[in-house]
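Participant: Please read through the structure below; I'll follow up with questions.
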């Protein structure tokens, strides 16, 4: 039975947990295109807050080795990865058939460095899983990951490669059962589909359901075949607040952990479930969102924390930084330290995202019905599945047949995400013309503040103290030279971007002037 729990102040457990944090400074340079909702630069903003709150003193920081094509094809098809590897904005016209088959277009555009971006995202998640497997960390964090819509041979919902599935495959080499939890406002359809017939992975997604991308994830979608009852979907309505979310999240996760007995948990922390998100109609505060991380951490299991959606980028950065503190057993203070993006957090300059007064369409009766149905589904099987007869996934270095556990075909498209999602524009965050969007990115890409320099230096120093594993950049030799070389590379890349964007801005100004002249005439 659903019982509404009061949302009290967060209290972080005192138990010490070893945290491995993965960050690649190049990830902020990638650009989906002018006007596109997805902005990888939010990861660099998050990192700036993390470093200036001095969380680097409490965890180990790694720059993961990008995933190889062989590693990507442990889940994705060879043809799809070959396409991602070769396609560029300049040669896209040579692949009209492939672009249609692989769903590359409006939501998932081809941009410069697409292949490298995908490999950075997947590399961090896979190395995080490997560290958990080896017992070198209790919590692994990769905010460049969490891209849960990508399918075996198809891009979807701003996602091209599914780092989550690849990380879970890595975890299955050591762990008999893995629980995947998704708090993104969109259904975690790509991960669910990958393991829809498998009982070694339980997926649990809390999401907006209805006329909303991707259009899947009803409470009756529970898996098929051997995977029946191992998919849990919690379809929610607009405006869910902290108390309601806590009251549905905690009992469901507790029931699943008790029933399924996972030995590792992967938590996708999509920031589009926050109040005021550009695409999301939920009403969670930063603390309401972070309560999920805190609750899962309290279970004491090996835990992977990933990024995901989130399109009000200053709120995403705030929340992920706060949740990084929770992973380290720290409640960060509201007062923001000075950082390279300090002006983005005006007018409050606080580490906080507040709920609004929007209506909560999730009645107690509705939530009780959902909770009752989920508990009934779980009660169909009383014990966690045996894994004695299950195949162990291939090692990353194995050159044999790639791991494949494709689900039976189900409709997961549901139309374009940007077309179907409700857009909620917020002052000082979204823009009525493309010029301001380009100007915002121009400011962000060319940040060369002291905080950014310190972030790079701290990253290399921390990595040097922690030992090498699976290609992580832990080498302490010539750290200063490496940092200087990376800094030069960033500056060169930024200079190129500056010239390109200056040309875009000049062209937009010319168009605006021409329109003004036509109106005057």
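Every residue, even glycine, has its Cβ placed from backbone N, Cα and C.
Owing to the predicted nature of the structure, the values given are computational and were not obtained by experimental measurement.
Sequence annotations record features per position, and here TrEMBL assigns active site, proton acceptor to 149. Annotation comment: TrEMBL describes 184, 186, 272 as divalent metal cation binding site. Summarising the annotation, TrEMBL assigns domain 'Histone deacetylase' to 36-323. As annotated by TrEMBL, region 'Disordered' applies to 448-474, 500-521.
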Participant: For the C-alpha pair, I'd like the distance in angstrom between residue 184 (divalent metal cation binding site) and residue 149 (active site, proton acceptor), rounded off.
Facilitator: 11
Participant: Would you mind reading off the Cα separation of residue 186 (divalent metal cation binding site) from residue 149 (active site, proton acceptor), to the nearest angstrom?
Facilitator: 9
Participant: Do you know offhand how many angstrom separate residue 272 (divalent metal cation binding site) and residue 149 (active site, proton acceptor) by C-alpha?
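Facilitator: If we compare the Cα positions of residue 272 (divalent metal cation binding site) and residue 149 (active site, proton acceptor), the gap is 14 Å.
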Participant: With every protein chain in view, what's the tally of Cβ atoms within 10 Å of the Cβ of residue 184 (divalent metal cation binding site), excluding that atom itself?
Facilitator: 26
Participant: Around the divalent metal cation site formed by 184, 186, 272, list the extra residues of the same chain whose Cβ is within 8 Å of the site's Cβ centroid.
Facilitator: 185, 207, 208, 270, 273, 279, 280, 308, 309, 310
Participant: Take the domain 'Histone deacetylase' (36-323) and average the pLDDT across it for me.
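Facilitator: 98, rounded to a whole number.
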